[in-house]
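This report refers to the structure that appears directly beneath it.
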Amino acid sequence: MDHRTPTPDNPWLALRNLTPARIALGRTGTSLPTGAQLDFQFAHAQARDAVHLAFDHAGLASQLSDRGRESLVLHSAASDRHQYLQRPDLGRRLNEDSIATLRQHAQANPGGVDLAIVVADGLSALAVHRHTLPFLTRFDEQAAADGWTCAPVVLVQQGRVAVADEVGELLGARMTVMLIGERPGLSSPDSLGLYFTYAPKVGLTDAYRNCISNIRLEGLSYGMAAHRLLYLMREACRRQLSGVNLKDEAEVHSLENEDSANQKGNFLLGKG
């Protein structure tokens, strides 16, 4: 504090460089500084916009096609955004036209597949637009050697997490992966969530799903998310289950892990 800035120094200020969280905002009297208040209002507006942003399924389907991936565009039983937000149950099921489309595809491609990837707007189409393709690129790179068979990428408008169960059941998929926009936060309007289910069928609860959340540049990297998903897929097939009975114990190779492995004794007591 000096004569030019007559406010006390904030010892938390240096921590702002380490996180996008709203910490060390400062104060003016008993209130927030104007800048911090405006930033809050802007972040809140971004979160609201993310919820109501329309899902550009046509653009995403075109980008997938450019990368050699087939896609199917479907719709949940929620007719529009207003109904989707007020009736979560309708977002968990497909409409009749979409069910017919999947049945026709399954009849034309009998035998089922290992994996059905479903993409839905959820509560942030912005997250889906930004992160779906980069994640799938990294996933394909890491999964190439495993020989998984995949259904076309299914794009569901006004979809919620559980709609992937119906998609997987109709396609005869052993596993489903749902990529969906998470509820926006004040510092993360574009967070992508991933939900993995083994033996999908209508009526499963969240206890049968594994979640990998906050996939974005400022959160969990695409490569790490793909690494964890592949671990879950391998373990789910080996143990024939998913959800609360399947823990994410994927090994992550890093400098910190290597240092820990090489260090002997208790780190609290120093090197032995």
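From the backbone N, Cα and C atoms, a Cβ is placed for every residue, glycine too.
Copied from Swiss-Prot, the annotated features are:
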BINDING   V161, E182, C211  adenosylcob(III)alamin binding site
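Long-range C-beta contacts of V161 (adenosylcob(III)alamin binding site), restricted to its own chain and to partners at least six residues apart, with a cutoff below 8 Å, comprise R92, A120, G122, M178, I180, G193, Y195, D206, R209. For the adenosylcob(III)alamin site, the Cβ centre of V161, E182, C211 serves as reference, and the other residues of the chain with Cβ at most 8 Å from it are G122, M178, I180, G193, L194, Y195, S213.
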